[in-house]
Amino acid sequence: MGQGLWRIARNQQLQQQGYSGQGYLTREHGRRIPANNVSSTSHRKQAQGGIDIYHLLKTRKSKEQEGFINLEMLPPELSFTILSYLNATDLCLASCVWQDLANDELLWQGLCKSTWGHCSIYNKNPPLGFSFRKLYMQLDEGSLTFNANPDEGVNYFMSKGILDDSPKEIAKFIFCTRTLNWKKLRIYLDERRDVLDDLVTLHNFRNQFLPNALREFFRHIHAPEERGEYLETLITKFSHRFCACNPDLMRELGLSPDAVYVLCYSLILLSIDLTSPHVKNKMSKREFIRNTRRAAQNISEDFVGHLYDNIYLIGHVAA
């Protein structure tokens, strides 16, 4: 039934084995502990770690009952906390035993929003017969469909009323979802440039160092495997967004979107040079500074040096 239930059941078993019929605890580090010391030990545990959940469970459980704890005998808040640690599969299994508890809408709502952070249907009045458990199944089915065919996946979400037919809503859904196949997503965004535009504007690069911002960008919008028009488009959109998020820094450094574009391309090439096992003669810091300032003359040598250090220490910006 999941890790949460297993831990509680195991803890109970160990605690039960600790008591003997003569009023002693079993051996612990080669000695016996009298039963009259149990209460003081319990008080110390409570003082150190809060309420002793075992004693709460023990008072709720009849002496004849064996096996797993009956969650229906616990306070509802504790039961729901335990079930909230389960994934969808384990929660479905738990519903076979505790139907009312495991089918609670708040549990399934939490599963939906933790996996798919944004859906248009979240902000609408739910239709008659709406269920978050059913919505979870539809979102899972739509994600699998998207990973096979992106256009069919998006159409599925729209047909179920989960997403509105709007580039902005689709972009928010993609931005807040981690279950979509990145290769299929890259193909979809290459075809839907309107969605790509809205997706770029969802990023906030304020006060971020340029290589770190570029890494974050490529974690959401994966770079193509080869150089080409799509990569140039991505870098162009990133450069404008980065400048829009950091206007004061751009004025201080004297950078324009074109200069940021040059720096981004230089960082990608440097990443390949430093991380590729096929390149034996790695580019030095002096060479990187010289080549970069040749393309963008207004950039300070110290700033370009910091860029090199970041790639050298942290790694590829588009891995």
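Glycine is no exception: its Cβ is also placed from the backbone N, Cα and C atoms.
What TrEMBL annotates here:
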- 68-111: domain 'F-box' (DOMAIN)
- 133-314: domain 'SEC7' (DOMAIN)
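As a summary of secondary structure, the domain 'F-box' (68-111) carries 30 helix, 0 strand, 14 coil according to DSSP. Restricting the average to the domain 'F-box' (68-111) gives a pLDDT of 83.
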